[in-house]
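Undergrad: Structure in structure tokens, see below.
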Amino acid sequence: KMAATAGAGAAAAGLWSEVNRCGQNGDFARALKSVNKILQINKDDVTALQCKVVCLIQNGNFKEALSVINTHTKVLTSDIIAFEKAYCEYRLNRIESALKTIQSASQQTDKLKELYGQVLYRLERYDDCLAAYRDLIRNSQDEYEEERKTNLSAVVAAQSTWEKVVPEDLGLRESTYELCYNSACALIGQGKLNEAMKKLQKAEELCRQSLSEDSDVTEEDIEAELAIIHGQMAYIMQLQGRTEDALQLYNQIIKLKPTDVGLLAVIANNIITINKDQNVFDSKKKVKLTNAEGVEHKLSKKQLQAIEFNKALLAMYTNQADQCRKLSASLQSQSPEHLLPVLIQAAQLCREKQHAKAVGLLQDFADQHPANAAEIKLTMAQLKIAQGSVTKACMILRSIEELQHKPGMVSALVTMYSHEEDIDSAIEVFTQAIQWYQQFQARTNYGCCVFQPKSPVHLSLIREAANFKLKHGRKKEAISDLEELWKQNPKDVHTLAQLISAYSLVDPEKAKVLSKHLPSSDTMSLKVDVDALENSHGATYVRKKAGKLTGDNQQKEQGQGEVKKKKKKKKGKLPKNYDPKVTPDPERWLPMRERSYYRGRKKGKKKDQVGKGTQGSTTTGSSELDASRTASSPPTSPRPGSAAAVSATSNVIPPRHQKPAGAPATKKKQQQKKKKGAKGGW
């Protein structure tokens, strides 16, 4: 036994030296083999178990490392291995478990504090995280100070972006591209886009300088590292409305195929927001990038929520009604107080022509969440207007108490009531808004007896109310508003003139009294040279000077008065066959069918009469061969050579020149029949 023990001890010592050598060389896979051999000799060796856990962590086997810790809880107590356990849980995205492990540790080492800051950042507890990193920077001095400052600036940027907190100046020297990038993100959160773009450009320069110093880094590696900076630049362009530039830069980043799934998901989501309801096929391809494995651990809760909202909207645009309802219902269950899921559901119902159901859905949400009722009721009013129910839309808008007195709301209501010709309701809206400002002024000036001027918004409402009443003939009602305005500013001549005009129809005596307050013509006269004004280049009328003018002077005077030159009229082009001796046809502008001399279209001349009669008969000279036609019988038509004699010897009009009664009417009927027949024939 003594010899066996001595042999085992010698073997263990050799193995430990092997573990030490492999650990210094970074060969943790080989070190793990040696540790396992040591544990075969002594399975409860605490140091060997610790080394095994460390080797597994270094090799990325976090699940196996955590399994070793959990199976040897009696040996590996929380005091010994708290950091390793919390780190494994953190890397396995069990953030809540990691927090409990850190908080349950009896001693808070510097390593645990560093991990604690990371855990708080992942849990989006930015205030606690900021305090943790400040404490670390204050109480530690080592080579990781730059990394801690970078993490501190990242916390400040997250506060500015997601919590809209104005970041404080930490006094950090932006010597690295990470610090510049985080500073730019903080500026984006404040809306300072131009300054943020300059910071990102500086970060890009620092990144290129830093990476180009390493000879092993290729240009592709540099572009991959710059991808996140370029993505933020594209986001700024998108916010500035430069969507084409942003889209081009987004697509360039996607072509690089970066390994960061979080970056790809954000870029794909932003491209979908640019596409909106257009280019849906591209959006369908891009949405697959947002479903990659591990995305949920790379992005913040608000980023993930925005992606889910856009998925629901894309389903609506692609007419996937069931998918849209499923996604929006899931979002509503996750965030019951959020507006967007309900608005998406209402929009989907409107696309299905179920407007009444959409309004009912919005009304239920407004009743359950009064804090968000204003925005919901605005949407309900918009739906009512789209349906043509303007009066109901006005009732909904007037039920929003916190917006009743706002100038924009008053203007919208008055416009809508005017469109419906409900002048009384429009005046009532003005009255309620003016009363609200009067009550507000009374509350703010409580106990003060000195005259207080009204606010500009209050005065503007009174003036608009007076103008509206005057426009619609309510002069009696406008008088009180005009008197109030004149009381606030007695030097306002325009208001006084309006007041006199209103009183002139109601109380002429009062109008005369008020007219005395008008300034005299001398005080209102302007120092203007009338002659110079009338003789100016832009004058449309020039006064003639007294006295007679000679011919030359008269022409000159007329020349001064003619400010605008007369345009020369171009001669119209005449047709090529125009004959000035022939009088033009007065009906030449009418269509041929409407002219008085139109006789219809000719069907064609009969060239030969052969074959038109009975077999063997001829038409030529048939009248001469007819025995019934003798010289004694009166001719039915004039013969050649005798027409002139007939017209010269008697007043009888030849039959060919006679107009039978009702002929024009008959022609019109024939034309109408032809037109009707043409519709069916062709």
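Every residue gets a Cβ built from N, Cα and C, even glycine.
Straight from TrEMBL, here's the annotation block:
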type: COILED; residues: 95-150; note: coiled coil
type: REPEAT; residues: 227-260; note: repeat 'TPR'
type: REGION; residues: 543-682; note: region 'Disordered'
type: DOMAIN; residues: 544-600; note: domain 'Signal recognition particle SRP72 subunit RNA-binding'
type: COMPBIAS; residues: 564-574; note: compositional bias 'Basic residues'
type: COMPBIAS; residues: 576-597; note: compositional bias 'Basic and acidic residues'
type: COMPBIAS; residues: 611-645; note: compositional bias 'Low complexity'
type: COMPBIAS; residues: 666-682; note: compositional bias 'Basic residues'
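Tell me what's around each of these sites.
TA: Confidence for the repeat 'TPR' (227-260), expressed as mean pLDDT, is 94.
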Undergrad: For the repeat 'TPR' (227-260), what are the same-chain contacts with Cβ under 8 Å, counting residues 6+ beyond its ends?
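TA: Sequence-remote neighbours of the repeat 'TPR' (227-260) are 177, 181, 184-185, 188, 193, 196-197, 200-201, 203-204, 207, 220, 266-268, 270-271, 273-274, 289, 298.
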Undergrad: Helix, strand, coil: count each for the residues of the repeat 'TPR' (227-260), based on DSSP.
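TA: Split by secondary structure, the repeat 'TPR' (227-260) comes out as 26 helix, 0 strand, 8 coil.
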